[in-house]
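S.K.: Okay, handing you the structure first.
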Amino acid sequence: RYCPRNPEACYNYCLRTGRPGGYCGGRSRITCFCFR
């Protein structure tokens, strides 16, 4: 729901889940991926 328009929100969402961050990726960058 954050991507592809708001990669910063995706990043912050991942931070809140305890991950070190995240990015928009996949087809057309529509998926928010969290770093492990």
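Any Cβ shown, glycine's included, is placed from N, Cα and C.
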S.K.: Say which of Cys32, Cys34 is recorded by Swiss-Prot as the disulfide partner for Cys10.
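M.R.: Of the candidates Cys32, Cys34, the one Swiss-Prot pairs with Cys10 is Cys32.
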S.K.: For Cys34, what is the disulfide-bonded cysteine listed in Swiss-Prot, choosing from Cys14, Cys24?
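M.R.: That would be Cys14, the partner Swiss-Prot lists for Cys34.
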S.K.: Please name the residue among the disulfide-bonded residues Cys10, Cys32, Cys34 whose C-beta has the most neighbouring C-beta atoms within 10 angstroms.
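M.R.: Max Cβ neighbours within 10 Å, all protein chains included: Cys10.
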S.K.: Using a Cβ-Cβ cut-off under 8 angstroms and a sequence gap of six or more, which residues of the chain neighbour Cys24 (disulfide bond)?
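M.R.: In sequence order, the residues whose Cβ lies under 8 Å from that of Cys24 (disulfide bond) (at least 6 apart) are Tyr2, Cys3, Pro4, Pro7, Cys10, Ile30, Thr31, Cys32, Phe33.
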S.K.: Taking DSSP three-state, what's Cys10 (disulfide bond) in: helix, strand or coil?
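M.R.: DSSP call for Cys10 (disulfide bond): helix.
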